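Summarising the annotation, TrEMBL assigns transmembrane segment to B:20-41, B:83-103, B:115-135, B:141-161, B:173-198, B:204-225. According to TrEMBL, the feature domain 'ABC transmembrane type-1' maps to B:75-259. Taken from TrEMBL, the feature region 'Disordered' applies to B:269-291.
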Amino acid sequence: MSGAAVSVQTLAVTLSGRPILHEISFAATPGEVLAIIGSSGTGKSTLLRTLAGLVSPERGGVDVRNGDERARIAVVFQEPRLLPWLRVAENVAFVMQGPRPARRQRAQAALAAVRLEGCARIWPRQLSGGMAQRTALARALVTSPHLLLLDEPFASVDALTRMELQDHVVELWHQHRFTVVLVTHDIDEALYLADRVLVLGGHPARVQAELDVSMPRPRSRTDPRLLALREPLLHALATPRAVSASGG
Amino acid sequence: MRLGQLLWRRADPAKARHRAGVRVLLPAALPLAVLGIWWLALLRQWVRPYQLPAPGMVLSAFQEMLARGELQQHLAATSSRTVAGYLLGAVPAVVIGIGAGLSQSVRAFVDPTIQGVRAVPSLAWVPLFLLWLGIGERSRVLLIALGAFLPVYLNALAGVEGVDRRLVEVGRAYGLSGAAITTRIVLPASLPAILTGLRAGLSLAWMFVVAAELIAASNGLGFLLVDGQATMRPDRVLASIVAFALLGRISDAALGAIERRALRWRDSLGTAEPPDRTHPSPLSAEGGVTP
Ligand SMILES: Nc1ncnc2c1ncn2[C@@H]1O[C@H](COP(=O)(O)OP(=O)(O)OP(=O)(O)O)[C@@H](O)[C@H]1O
Ligand SMILES: [Mg+2]
């Protein structure tokens, strides 16, 4: 399996009459990991929702292509969005197709991968915030997506679990080479995971800066080359309408 | 867990024992007091036995009607027309309510009319039903159906309308069809409201069966009420009232049990402790695991 090619062209999105996104253009090649950062309320989630087909653009367009086949898209929303009437394992199996036993088995495996094997039979309301978010991640990964859209998926877990989950995504990426668009507040997370970082900002939001992180995986979190990239990224975040930064 | 417990909760064994006593004694206190006053009123001759018979006489009237099979026959008549009317009202109400919640055009088509009908107190239809359908089973069942329809419809509509849009988006994002989103997300999410409506509809069905039988019937508990009044037998009237109470309680408890079973997932706050991580510290673990 491979990743989907994503192309966003002069995208403009208006919500309730308010322009949120303006003239957004970028592309992701199959298997590329793209991180999007930007301050709260700029429109990162809106951009991701547009990629997922949940928001229709005012102008411009989004194209997600997987050769000639339909691209499977999986989303981890900013909130877990589990169905409260289904047990945890059923929530994971919910998005899968195929015979029941196979679905259940894969759901169980996906839960084990996010360290929730003991929680399969409990209700979502019995999960902590981080556990619920991990369930949502399992639900996304179990569909073998071509495009994985992640909206701050690790925001509500502790630092150690976060690193563990990041590595889990990287490992799956190595196996399946899906394309990833990751929205995050965490600069280090963006640098650790992404091939490219887009900085979103302004009202309405545009792509204000773009940073290449051309480093092979597996990466080390303490790699000085990664740490050196923090500064241009922080700079791009702090200065509106910064020009394209580049590193690597 | 009760809201009160949440507001004023204390872990105190003495309090717990006190609460257990409260659970047993407090609910019985009021009925016992009423019985006491009832008995006292008769003893002091504040009321006459032909107005209010002694509790024992009500009991024996009850037993006598049971022994003659009279009560069973009236119970059966009342229950069967209530069930028929309830099904006739509640089933279309669920379907139409869900339809109106899902589709703007269905809603625009039916809702104004139903709201208009709702504005009329339902019993005001009785003379019309009697004119159209005559004094018979059909007009009684129709009246019960009308009473049951409205709360079920209103709750089903509100339930579907109130479904969390964010959950619907999950279905859309993962490419579920509209039909799949409806059956697998919208319906389960609106089930609590629909069940609330079904219970409200049932209690209205009981109310309307009384009305229907008071107005025109030759059998049923409502008939027994009128008949008891006409023959100056308050013991039989009270026995019928007790029978009504039993029917209402039993049917509501049955629906309640179904509701509790269907809505296990939201039963108050978390009762079970979520199991802790079954794994050792993530640092000592051998890194990410693959499914
Ligand atoms: N349905 C809506 N109607 C109108 N405005 C909306 C709607 N949804 C979001 N917005 C606005 O769009 C802007 C961007 O919201 P969005 O959720 O995309 O931000 P974000 O970058 O993801 O923020 P955060 O980092 O806090 O999650 C916000 O200013 C918000 O008020
Ligand atoms: Mg957001």
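Note that Cβ sites are derived from N, Cα and C of the backbone, with glycine treated the same way.
Sequence-distant contacts of the transmembrane segment (B:115-135) (same chain, six or more residues past either end, CB-CB distance under 8 Å): 142-143, 146-147, 150, 154, 208, 211-212, 215-216. A Cβ distance under 8 Å defines the sequence-distant neighbours of the transmembrane segment (B:173-198), meaning residues of its chain 6+ beyond its ends; these are 90, 93-94, 97-98, 101-102, 151-156, 158-160, 162-164, 167, 255, 258-259, 262-263, 266. Sequence-distant neighbours of the transmembrane segment (B:141-161) (same chain, 6+ residues past either end, Cβ-Cβ under 8 Å): 81-82, 84-86, 88-90, 92-94, 96-98, 100-102, 107, 111, 114, 117-118, 122, 125-126, 129, 133, 186, 189-194, 196-198, 200-202, 204-205, 207-209, 211-212.
Long-range contacts of the transmembrane segment (B:83-103) within the same chain: residues 110-111, 114, 140-150, 152-161, 182, 186-187, 190, 194, 197-198, 201-202, 205, 208-209, each at least 6 residues beyond the stretch ends and with a Cβ under 8 Å from a Cβ of the stretch. Counting same-chain residues at least six beyond the ends of the transmembrane segment (B:20-41), those with a Cβ under 8 angstroms from any Cβ of the stretch are 47, 52, 54-55.
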